[in-house]
Amino acid sequence: MQILQKVQIKTNTTMKKYVCTVCGWIYDPAKGDPDNGIQPGTAFEDLPEDWTCPECGVGKEDFEPED
């Protein structure tokens with residue numbers, strides 16, 4: 001028996017980009033962070049607590065929503 005899992009992907013219009021306040025790297029939920037196992041469509045709020053900026057290594061607390 002095959003079990004199907006429903007996955008909800010939010011649209012880019014409902015998810016904000018976040019900017020690293022240290023280096024300026026932008027987390028774009030439409031792109032995710034595939035090099036670090038984060039799939040496209042992942043909202044910033046849904047990133048693991050131990051996720052870090054791929055550019056400079058700071059944590060989520062050092063990101064702010066992009067204006």
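Placed from the backbone N, Cα and C atoms, the Cβ positions cover glycine too.
What TrEMBL says about this protein:
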type     : residues : note
COMPBIAS : 58-67    : compositional bias 'Basic and acidic residues'
DOMAIN   : 15-66    : domain 'Rubredoxin-like'
REGION   : 40-67    : region 'Disordered'
Overall pLDDT for the domain 'Rubredoxin-like' (15-66), taken as the rounded mean: 98
Secondary structure composition of the region 'Disordered' (40-67) [DSSP: H/G/I, E/B, coil]: 6 helix, 5 strand, 17 coil
